[in-house]
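Everything on this sheet refers to the single structure shown next.
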């Protein structure tokens with residue numbers, strides 16, 4: 001079905017359980033969809049140098065940051081490539097007592113209505129490069145692998161804390177996507193509860209598994225939404241993408257926990273993540289974006305593992321969420337996934 005002949009269609013997502021309305025009449029041609037709010041970062045390596053910014057994430061400014069947790073490489077005698085530090089303005093605080101009863105979930109089961117517990121948790125920052133003029137996708141695939149392995153190492157550390165139930169790894173790129181610093185970085189929050197959207201995702205995937213006997217993500221096979229694949233990962237525009245040019249990167253093997261990734265798979269993922277971010281930047285005028293790593297909660301029952309499958313979700317910020325989305329929980333997407341995938345497949349990022 002060509003772009004011109006498409007009419008509106010509603011699709012239900014088999015991972016998050018959302019309904020999405022695809023309405024191509026609400027937009028220009030998919031190839032014309034660009035960010036009107038490009039992040040316009042400092043020039044990439046090799047471009048004309050910009051004035052040195054005042055940035056505490058840059059090499060030589062380490063003393064201006066919150067305490068360091070670890071760095072790569074660990075030897076102080078060598079220049080660092082990655083630093084994992086505490087967030088100077090944390091959403092959750094590691095210096096308060098963890099709430100009793102598993103983050104309030106036990107109390108919530110007994111008490112109806114509203115509930116408040118202490119704001120315990122961990123909020124960390126991963127500084128992906130010492131250079132202000134380098135973005136994540138400017139790194140070589142090996143450099144992106146190092147960032148991914150730093151995520152995994154810190155998630156494993158947080159998983160050793162008895163009160164931490166879930167760790168959300170995410171990257172905000174661009175001010176309108178939530179980034180308060182232009183220097184390339186990502187974040188993670190370790191929470192004493194399993195967040196509602198994570199529970200909802202697992203409930204939806206369980207529903208699919210109970211009906212079909214298969215994992216929602218393992219079942220994805222349509223070539224119409226496949227952008228690229230490697231021996232270990234597939235990059236797709238999901239069948240019911242909530243956002244235009246949304247991308248998922250999914251392990252081809254059924255794996256539940258991101259933090260168990262090994263060196264080879266991390267390199268494979270690093271090369272594919274780099275390529276997808278390059279494609280989005282080139283096609284969409286360097287848009288603000290978010291990416292999130294959706295993994296399984298710690299201590300998940302073995303009976304849940306057959307439908308627990310981790311993946312990376314990349315969301316370019318091309319439109320504003322309106323009243324219909326906020327009120328209904330449904331999304332309106334002006335670009336069919338098959339059209340977005342075709343555009344991204346054909347985009348050459350070798351130059």
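Counting begins at 1 with the first residue displayed.
From the backbone N, Cα and C atoms, a Cβ is placed for every residue, glycine too.
Nobody curates TrEMBL annotations by hand; they come from automatic prediction.
The Cβ of residue 185 (active site, tele-UMP-histidine intermediate) lies under 8 Å from the Cβ of 57, 125, 126, 127, 128, 171, 179, each of these being in the same chain and 6 or more residues away along the sequence. The active site, tele-UMP-histidine intermediate annotation in TrEMBL covers 185.
The annotation Zn(2+) binding site is assigned in TrEMBL to 55, 58, 132, 183.
Per TrEMBL, the feature domain 'Galactose-1-phosphate uridyl transferase N-terminal' maps to 7-195.
Residues or ranges marked as region 'Disordered' by TrEMBL: 27-53.
Sparsest Cβ environment among the binding-site residues 55, 58 (other Cβ atoms counted within 10 Å): 55. In the predicted model, the domain 'Galactose-1-phosphate uridyl transferase N-terminal' (7-195) has a mean pLDDT of 84.
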